[in-house]
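The transmembrane segment annotation in TrEMBL covers 12-33, 85-102, 114-135, 147-168, 189-214, 234-260, 328-346, 379-399, 470-492.
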Amino acid sequence: MWPQDPSRKEVLRFAVSCRILTLMLQALFNAIIPDHHAEAFSPPRLAPSGFVDQLVDGLLGGLSRWDAEHFLFIAEHGYLYEHNFAFFPGFPLALMVGTELLRPLRGLLSLRSCLLISVASLNFLFFMLAAVALHDLGCLVLHCPHQAFYAALLFCLSPASVFLAAGYSEALFALLTFSAMGQLERGRVWTSGLLFAIATGVRSNGLVSVGFLMHSQCQGFFSSLTMLNPLRQLFKLMASLFLSVFTLGLPFALFQYYAYTQFCLPGSARPIPEPLVQLAVDKGYRIAEGNEPPWCFWDVPLIYSYIQDVYWNVGFLKYYELRQVPNFLLAAPVAILVVWATWTYVTTHPWLCLTLGLQRSKNNKTLEKPDLGFLSPKVFVYLVHAAVLLLFGGLCMHVQVLTRFLGSSTPIVYWFPAHLLQDQEPLLRSLKTVPWKPLAEDSPPGQKVPRNPIMGLLYRWKTCSPVTRYILGYFLTYWLLGLLLHCNFLPWT
């Protein structure tokens, strides 16, 4: 059973500690720092709030800022406004399930309070499981337990930590994505495809994960060419590629079709409470009742691309303005990390990269021991995935979201820092010499758990190498600043 694995147990313990500290700090910052009056989505509360509701809001209200309000609104009222369709239904559905489990408390709590409790508890669970899934994935891909362990611990201090705790879909998406990658590494293609498809129903960038399935199928095709009928294998490959694209694209297509039925087909509009109708009038939000939006008449009526363009001004190079320089600076650390990782890998394995990860050296007969850790040949497809996300996000999105965009989508932003720590931090070698410490008194005799090397480095900060200080300084600074700013409607990533 996985809890008996000492390193996984330590990862789980550290994830719980970090999440509890995160929730406590967001409550503290939300209480002592006045909220900034931001131009953010803020629908009216339709139900009266009692003393317990006010207490819940005081403790967990910091988790409902910025885009989190959209997810809470969708879970409570459904997709009433056109711009709500920028947010995929996976996470609101999870919140609805969590709220149903709290139904016995509905006499004491409003639906809003139940949703806030669901956000805190579900993302707590998703975050812990994602940390363990990342650890397991690292063990499978890196074949280096130390790097897998370090990466999972760094995930617990992620620069995107506030978004993994708040009412955003990042924690659920990270769990599904890392789990799907792990299933694929174990050869469970169908389970992996199903998890990737569910992840696509949580966030749109899940569509990019089809590359993992396609690369795996291409590897199987080339390895079977010498033994089996090539024509038959080619047909099988084409069928598998089509099925992969269809499976991952289906949740996206169904969501777009649902939007089409709500806004483009007559008689499909639902009744909307008057205060929410008035909000639409005041803010200029489009609801289903009224004139059909222009995207209904497109050859391919995709509401998602329309919303991103009209409501969020997302498009190729649209964000490249002088006034956005601070946001580019916010995104710079994670962008540098991925570029540095890509350069390191490509210069180490040029032939592997030229053959798209299918051949390690020019001479197939050459017996060479594969690299372990981040430089393992199996990392190639993960690096391409991270580079594609960075390229798309840097050119077509609001660049400040790159931190959470990459932090919840790719293990590279944790594997490469773990590689740097192991490669360039002398203190880790001394920590390895005494890597165990006894469990608590109630533990079985002789059972041990690994010491947390990240905490060991923090305790010895002054003697750490510059690279270690830069990495841990970046992770901790963004972890703390995110809590301080985001929970009070102040601009953050």
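For all residues, glycine too, the Cβ spot is worked out from N, Cα and C.
Those TrEMBL annotations? Automatic predictions, nothing curated.
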Counting only residues at least 6 beyond its ends, the same-chain positions whose CB falls under 8 A of a CB in the transmembrane segment (147-168) are 7, 10-11, 14-15, 17-19, 22-23, 26, 62-65, 67-69, 71-72, 91, 95, 116, 119-120, 123-124, 126-127, 130-132, 134-139, 174, 333-334, 373-374, 403-404, 407-408, 411, 414-415, 417-419, 421-422, 450, 452-454, 471-472, 474-476, 478-479, 482-483, 486-487, 492-493
With Cβ-Cβ distances below 8 Å as the criterion, list the same-chain residues six or more beyond the ends of the transmembrane segment (328-346) that contact it, or say none.
159, 353, 374-375, 379-380, 383, 386-387, 390, 394, 399-403, 406-407, 410, 412-413, 415-417, 474, 478, 492-493
Seg_contact(the transmembrane segment (470-492), the transmembrane segment (12-33)) with at least 3 CB pairs under 8 angstroms, min sep 6
yes
What parts of the chain pack near the transmembrane segment (114-135), using Cβ distances under 8 Å and only residues at least 6 beyond its ends?
2, 7-8, 11-12, 14-16, 19, 23, 56-57, 60-61, 63-64, 68, 71-72, 75-76, 94-95, 98-99, 101-102, 105-106, 148-149, 151-152, 155-156, 164-167, 171-172, 174-175, 178-179, 182, 411, 414
